[in-house]
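The region 'Disordered' feature in TrEMBL is assigned to 1-27. The repeat 'Solcar' annotation in TrEMBL covers 78-163, 176-265, 276-361. According to TrEMBL, the transmembrane segment annotation covers 134-157.
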Amino acid sequence: MRSMPDTLRRSDMENHAPSPPRPLFVPETQAGSCPLIPDLSVGRFVFRRAPFLWTCSLVGTVMSDVPAAEEVHRSSTADSVKSFISGGVGGVAAVLVGHPFDLTKTRLQTAPPGTYTGAIDVVKKALARDGVRGLYRGVVPPLLGVTPIFAVSFWAYDTSKLLILGLTPNRTNKELSIPELATAGFLSAIPTTLVTAPVERAKVLLQVQGQGQGGPQYNGVFDVVKHLYREGGLRSVFRGSTATVLRDGPGSAAYFAAYEVTKKLLTPVGQSPSELNLGAIIVAGGAAGVAMWSIAIPPDVLKSRIQSAPTGTYSGFLDCARKTIAADGVAALWKGLGPAMARAFPANAATFLGVEASKKLLDKFF
């Protein structure tokens, strides 16, 4: 890709008036104020709308260098699409590997005291009741939702990294620090929650109905959504969104930062992290999952209880925390830690393996 100057020279403006009323790139001093460009601009980056995506392009390109400018725009759009697709592939891999662990965790978190003696007891009772199929009860919602969830998550993470670089144009080191990586991870959780919250609401309800606690019995994910919407509209469908952000914000910060740091530690001197073999990617992905769930369990317990409880049981996140501790003690906030940690390494190793492998495949053809 050809290099492009950082500022627009006066001579360039005099000799090359922009032909369209809305130029593709504008000088840095005008990017945030130009009335002709309603797109979001931050520092040396401008975020343009593309179908279903925002793309990020460098601003400050001379008007005469339109071919190079178009090349940058196409490249940034392609990178956004690749992040979106590879995130979805990684998510499918995570569900196929991790759902039995997730079901075990959710049932331990939501069952009345004394229902199970531990994770092994959950598995034994699920197998006795429904066979192997019982371990995949509630798998349809995450499978249907996992592609957009992980796609948005990985796309938002990559976009957040570009945003941080754009906000610090005078930096001497173009590598993001650990706090900056964690910040990008935290920011990625905000748009992702719009997809995650309703998907997890349906998943949790399907997972707990096999415990025989009474309440509505659903015939599948669409039946759940229809029932919830009829019961309380979108508010019922999105119940637990605050708890989801409180879980996934810090969790995603730890998740992505741990992955990047572990990759760097495993990279031999003189090589790039992008050249790591599959074994190293598996280790880094597993470490990311362990880092996330080490801090995400307490808000996850509360999220599961809020999303599975009858309407009116809790007034909010803090009310759920207070009632949970009063009824079952502080230890209740760590219910499901064993299955979550058992799931963390293999499921997230599969996630990043799927992400990196699909990215390399996409790079080869596009």
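Cβ atoms are placed via backbone N, Cα and C, with glycine included.
TrEMBL: automatically predicted annotations, no manual curation.
Keep in mind the model is a prediction, meaning the values are calculated, not measured.
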Residues in the repeat 'Solcar' (276-361) grouped by DSSP into helix, strand and remaining coil: 73 helix, 0 strand, 13 coil
Residue counts (helix, strand, coil, in that order) that DSSP gives for the repeat 'Solcar' (78-163): 75 helix, 0 strand, 11 coil
Helix-strand-coil residue split for the repeat 'Solcar' (176-265), DSSP-based: 76 helix, 0 strand, 14 coil
Local confidence of the repeat 'Solcar' (276-361) - pLDDT mean: 93
